[in-house]
Amino acid sequence: MRKKIVAGNWKMNCLLEEGQKLTSEIVNMIKDEPIKDVKVILNPPFVHLHGVKKLIAGVDNIALGAQNCSDKEAGAYTGETSAAMLASFGAEYVIIGHSERRSMFNESNELLTEKTKQALSNGLTPIFCCGEPLEIREADTHEDYVKAQLTESLFGFSEEEIKKLVIAYEPIWAIGTGKTASSEQAQDMHAAIRKHLSSKYGEAVAEEISILYGGSCKPSNAKEIFSKADVDGGLIGGASLKSRDFVDIAESF
Ligand code: 13P
């Protein structure tokens with residue numbers, strides 16, 4: 001059985017008290033309304049990791065993740081944060097290759113391989129993001145585009161390594177736009193991603209990998225999207241900043 005996951009990507013939001021309030025509200029709701037069989041992951045900015053970790057301590061199905069990590073192990077890299085540091089702060093997951101990092105911080109497929117290696121070698125589960133821009137969707141070449149992202153960054157990993165990943169499909173045209181992919185569009189792409197993984201690693205391995213959908217996911221559309229066979233949960237941006245909405249999404253399975 002693949003893991004069902006709802007992960008919140010706070011992006012660069014929340015001052016100290018806002019982050020603490022948001023986390024406490026989510027923790028209290030999940031204590032009151034235990035969500036069975038769904039892993040809830042909070043991915044705050046680095047400076048919140050320690051505080052959020054303390055607040056979620058003891059709540060079974062909430063885990064901590066980060067939004068990025070360095071491609072280097074340690075050393076003179078001012079401003080960077082290593083995967084080993086994240087692990088030492090209690091993070092279990094790390095988002096790698098979000099489209100905002102690819103486009104605004106020029107993260108290449110090759111760099112993302114290095115970041116994924118760092119995450120894996122430090123015991124973190126990478127939430128590896130892929131997804132196409134609008135012009136690629138309109139040209140109807142989105143499947144090839146996303147497959148190439150995965151091939152170039154990930155297909156050097158072993159079967160044992162690839163099984164540890166979570167994939168997040170986030171069509172760029174749906175991120176923060178209010179324009180969600182239809183559940184059919186999400187399912188088609190998730191099935192194509194799984195088939196692509198299967199072509200390299202075999203069906204049994206591909207069947208084990210959770211594939212999350214991201215892009216304007218909210219309580220009103222999560223149920224429909226999560227009902228699709230190859231959609232194993234969501235990577236949530238804006239709606240993860242509202243405790244009620246985020247927990248409602250996690251309860252949408
Ligand atoms: P929104 O849910 O705000 O569209 O963001 C999605 C996303 O980028 C999550 O990583």
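The backbone N, Cα and C atoms fix where each Cβ goes, and this holds for glycine too.
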Residue from GLY51, GLY58, GLY176 that TrEMBL also lists as binding substrate with ASN9, TRP10, LYS11, SER216, GLY237, GLY238: GLY176
Binding-site residues near ligand 1 among TRP10, LYS11, GLY176 (Cβ under 6 Å): GLY176
Diameter of the substrate binding set by C-alpha atoms, the set being ASN9, TRP10, LYS11, GLY176, SER216, GLY237, GLY238, in angstrom: 14
Which same-chain residues, if any, lie at least 6 apart from ASN9 (substrate binding site) yet have Cβ under 8 Å of it: ASN43, GLN67, ILE95, HIS98, GLY214, LEU235, ILE236, GLY237, SER240
Neighbouring C-beta atoms (10 Å sphere around the C-beta of LYS11 (substrate binding site)): 19
Set of same-chain residues at least 6 away whose C-beta sits under 8 angstroms from GLU170 (active site, proton acceptor): HIS98, SER99, CYS129, CYS130, GLY131, TYR213, GLY214, GLY215, LEU235
